[in-house]
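Undergrad: Quick one: this structure, given as structure tokens, is what I'll be asking you about.
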Amino acid sequence: MQEQTSQQNYGNSNKKGDKSINQIIQIIKLLIDILFEIWKIPFKPQQVQENSQIQEHQKKSNESNDINKHLNDNKENQEETINKNNLNSNKENFRNQQKQQKQEEQEQQKEQEQQQQQQQELQLIIEQQQQVQQQQQQQQQQQQQQQQQQQQQEQEQEQEQEQEQEQEQQQQQQQEYQIIIEQQQEQNQQQQEQEIKNLNVEHSQDDLKQNISNQQKEIPQIEQQSENLEISHQVEYKYLTQETLDLLNEIANKSYKARNVERQFQKFIGQVNNIQDTIKHYFGRSQSKFSKQIKQLKKEIIGHINIRGDGNCFYTSFIYQYLSLLLNDEKRKIQFINQIEELSANIECLNIKINQNKDIVKEFSWKFQQIKTKQQLLNEMSNPDYLFYLLSVIVFRNYFTHIYQQSEEYAQFGDLNIFVDLMIWEQECNNNEILIAALVENLKLHLILYFIDIKNNSYEKKEYKPKQQSEGIKIQKIFMLLSPGHYQIAIPI
């Protein structure tokens, strides 16, 4: 660019010199024309005139030569000055270019230095941010570790508390079972003593043949009187009308009271058996085949409780354990009572039908609230002469119906005849596993079932747990033994 500008300046200066030369030439031509005109004027003396003309011509030529020289000199001088000017301008341009280059280089250096400074500053900022992030991450990790430690400690404390509660419950259960065993032993001793007395009476009756007929007449009357006194003393009803009471007694008389059952199997909740009796009862001669299962079973249960064999065995096993849990959990107990008091009782037995009966529910609720210990609960539920067992099973069959209607299982599988099975007295449920799944979810229970079928060489431990847990409600466990068609209570360790 600088070279181009210098060339342009040089060309412009040449053009100006040419113009000045042309002007001078024109002036010279005018002077020549003027002189020529003057030369044409005649003189008197011709020679003088000619000489003068010649002289003038010479002068003019000399003048023109001088002018030309002068012009040439001027031209040369102009060219020199132009060249000098061009050289000077080129030098200045070159110097200016060098200055500009230096300035540009300096500016570039400054920019580079500024960029380096900026990069260094950015690097410092990034490092500071990274340090801050690392510190924050370390703090978060420390907080998370502290939270995890706290949670672990809380979980360990909860587990310890649960273990302590379970141990206390197990101790209570063992004590209660021990009491039951002692009571049964006392009853057996009393029965044996009574049998001995009866034998003595029979021997004495041989010596008193004359009084036999009178004694035989008096004995039924005495027994009837004692039964009436026992019933009047033990049975108290608050909400049952006479009509409802008659229907309940009719159901009892046409079902479990109508069957001829040995005395030891009459109670709905019967004898307590240790683990050896349990193994003999369920495995019999096949113990060697199931040695591994038996070994594991011994680690989990210490025996079982006999349940009377009828269509209500599942409900009996479940109700007794669930009501026992409620006695130690006031919150659940209140919730349960509030739920059942909204229900009405429906049941069908042969040609006997009870529909939309509130008295049965109220009577059960009132009676259950009077029970304070498991021993009282056992006495009320075990005895066939009491109606509390009948009330309990009827209420729970309707309660299970209510739970199943609101369950996901009902939405998924539909009726499956579960409602029909629940509404018929002593009718087994053909889809019990689906019903159990609905119960454990609603009642927040963990049901453990040991299924043993020796005929088909089958042993299986099944566990039913709720999918979701509720805050403030502890998952309680219920244990059952199942052989084909019959449920009994398993006693956990």
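Backbone N, Cα and C atoms are what each Cβ position is placed from, and that goes for glycine too.
Remember, TrEMBL labels are computer predictions, not curated facts.
So TrEMBL has the following annotated:
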COILED    333-360  coiled coil
COMPBIAS  56-82  compositional bias 'Basic and acidic residues'
COMPBIAS  83-100  compositional bias 'Low complexity'
DOMAIN    302-493  domain 'OTU'
REGION    50-109  region 'Disordered'
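Each of these features: where is it, how hidden is it, and who are its neighbours?
TA: Sequence-distant neighbours of the coiled coil (333-360) (same chain, 6+ residues past either end, Cβ-Cβ under 8 Å): 239-241, 244, 247-248, 250-251, 254-255, 326-327, 368-369, 391, 394-395, 397-399, 402, 423-426.
Per-residue confidence over the domain 'OTU' (302-493) averages 94 (mean pLDDT, predicted model).
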Undergrad: Using DSSP, how many residues of the compositional bias 'Low complexity' (83-100) fall into helix, strand and coil, respectively?
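TA: Residue counts for the compositional bias 'Low complexity' (83-100) by secondary structure: 18 helix, 0 strand, 0 coil.
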